[in-house]
Amino acid sequence: MAETSLLEAGASAASTAAALENLQVEASCSVCLEYLKEPVIIECGHNFCKACITRWWEDLERDFPCPVCRKTSRYRSLRPNRQLGSMVEIAKQLQAVKRKIRDESLCPQHHEALSLFCYEDQEAVCLICAISHTHRAHTVVPLDDATQEYKEKLQKCLEPLEQKLQEITRCKSSEEKKPGELKRLVESRRQQILREFEELHRRLDEEQQVLLSRLEEEEQDILQRLRENAAHLGDKRRDLAHLAAEVEGKCLQSGFEMLKDVKSTLEKNIPRKFGGSLSRICPRDHKALLGLVKEINRCEKVKTMEVTSVSIELEKNFSNFPRQYFALRKILKQLIADVTLDPETAHPNLVLSEDRKSVKFVETRLRDLPDTPRRFTFYPCVLATEGFTSGRHYWEVEVGDKTHWAVGVCRDSVSRKGELTPLPETGYWRVRLWNGDKYAATTTPFTPLHIKVKPKRVGIFLDYEAGTLSFYNVTDRSHIYTFTDTFTEKLWPLFYPGIRAGRKNAAPLTIRPPTDWE
C-alpha cells in the first residue's frame, strides 16, 4: 500500500513537471531558445524576442518570413505582446521555485526524491534510505501521510492560538474604542463642570446684586442722615452765633440796662453762679430776678448740649468678609444633607447610637428585632432615614482608623434578605476599604484606588440628575472616585462598618457635619 502511494505521488509530480516544462517552451523564443525578451507578435501569430526577429529580418526589404512557419508578411509588423511578457516572468519564477524544490526534495546521499518520512529520526528519506540498514527497522510512511498527520497536530495547536488571537483582537478593538469613549466622558464631564459653574456664577451674580443693592440702600440711608444732621447743625450754629453776638452786646451795657431787658435774654448763656450775686447787684428786685435767673439757667443746655454725629460704619456683613466668600459658602451649605440612620433597616449585628449618627458591628446578634421587609438580614449594613430622587446632596462620614468599611448609596429595590454581591448591576454604588490598606470602587471588576493619604473622613456628593456619585478624601481634600450611571429609583445613603477582627475595626462609622463650611 505504501508502494502504491509512492507511485501515485510520483505520477502527480511528473504531471506537474510536464506542465511546467510546456510553459517554459511556450515562453521561449524559437530563434535564441531562451526566455522571450521584449516579446513581439508578427502577422502569423508567432512570438519572438524583439532583438531576435529584428536581426532575422535585418537584410530584408520585403516579404518577411516567419522563422517557424515560413509564412511571409509584406510589412515589417512587430506588435509588443505585454501579456506574454508577464507570463514569461511567471515562468522564470516557477523555474526558480522548481529548481529550489528539486534541490530540497532530493536525498543528498542517493539523489532520489524524498518521498518517505521516518518517525524515529523525524526526517524525510528516499526509497533507498528506507530499505537501507539505517532505517530498515524504523517506522516509515509516505511523506503525504506524515504531512497530513502533522498538519492535523498543528491544526490542534492552531485552535487555541486562534482563540487567543481572537481574544487579543477583541481586546485591541475594545482598547481602540476607549479613546473615543474617554473623549465622550471627558466632554460630558466638561459640560457638567461648565453647567455647574454657570449655575454657580448665576447664583453668585444674584447674591452680588442683592449685596450691592443692600450696600447702596445703606449708603443712601447714611447720606440722608448726614444731610439732615448737617442741616440741623447749620441751624444750631446760626442760633449760637446770634446768641453769642447778643451776649457780647449785653456785656458792654451797664448793669441797669442789662437787667432791664433780662426777659428777652432767656436763651442767653448765663452761668449758674450768677444767681448768687443778684442780691448784691439789685437788692430790691432780688425775688423777681431769681425767677428770671431760673429761666435763664434752663437755657444753659445750649452751652452743654453735645453735637451728635452720624456714624458711617457699615454693617458687619460688609466690613468683615469671612475666609470664604459668604455668598458661595451660603450656596454650598444648601447642599449639605442632614443624614441620620434608620434602625428599621439595620442588620441585627449592628448597633446605632442614640442620636442615630453612628453605627458599629457587634458579635452578638440582636434577637428582639422584628424581621421587617426593609431590614437587611445578610449584608450587615444600614440605610439613612431619608432617600433622594433628585437634586444635589453632600454628607461626610468619619471612618477614623478603621480597617474595614464601605460607604455609598443603594437603590430602593435592592435585595435585603438573601446572599448578594453589592455592585452597580445589583443597585449598589460603594467605595470600600479592607485589610487596612486596600481601597476599591466596587465596580465589575473592582477598580483599585491608589490613595496617597489615608482618609479619616470621607465626603460623598450625589448629583442625581447628572447621574454621578463622587467620593472625596476630606483629610487631604482630594478626589477619590466618581461613579457615572443613570439613576431611576430613590437612592439611600448606605453605611457598612465592617466586621470586627478582635479589637481591630471596633470603632463606629459616624456621620459628621462638614467642619469647614462656617
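Glycine too: its Cβ is placed from the backbone N, Cα and C atoms.
Among the features that Swiss-Prot reports, zinc finger is placed at 29-70 (among others). When the zinc finger (29-70) is classified with DSSP, helix, strand and coil residues number 7 helix, 9 strand, 26 coil.
Sequence annotations record features per position, and here Swiss-Prot assigns zinc finger to 102-143 (among others).
Under the heading Zn(2+) binding site, Swiss-Prot lists C107, H110, C129, H135, citing sequence analysis as support. Mapped onto three states, the DSSP output places H110 (Zn(2+) binding site) in coil. Around H110 (Zn(2+) binding site), taking its Cβ as the centre, 14 other Cβ atoms fall within 10 Å, counting all chains.
Annotation comment: Swiss-Prot describes 181-250 as coiled coil, evidence class sequence analysis.
Summarising the annotation, Swiss-Prot assigns region 'Interaction with CDKN1A' to 268-337 (among others) and lists similarity to another entry as the type of evidence. Computed over the region 'Interaction with CDKN1A' (268-337), the whole-number mean pLDDT of the model equals 50.
Under the heading domain 'B30.2/SPRY', Swiss-Prot lists 319-514, citing sequence analysis as support.
Helix, strand and coil residue tallies for the region 'Interaction with CDKN1A' (389-518), in that order: 3 helix, 60 strand, 67 coil [DSSP]. Annotation source Swiss-Prot lists region 'Interaction with CDKN1A' at 389-518 (among others), citing similarity to another entry.
If one looks beyond the zinc finger (29-70) by at least 6 residues along the same chain, the residues whose Cβ comes under 8 Å of a Cβ in the stretch are 76-81, 84-85, 88, 91-92. Cβ proximity to the Zn(2+) site centre (mean Cβ of C107, H110, C129, H135, cutoff 8 Å) flags the following additional same-chain residues: Q109, E112, L114, V125, C126, L127, I128, A130, S132, T134. When the binding-site residues C107, C129 are scored by other C-beta atoms within 10 Å, C129 scores highest. For the zinc finger (102-143), the DSSP-based tally of helix, strand and coil residues reads 8 helix, 11 strand, 23 coil. When Cβ atoms from all protein chains are considered, those within 10 Å of H135 (Zn(2+) binding site) total 19, not counting its own.
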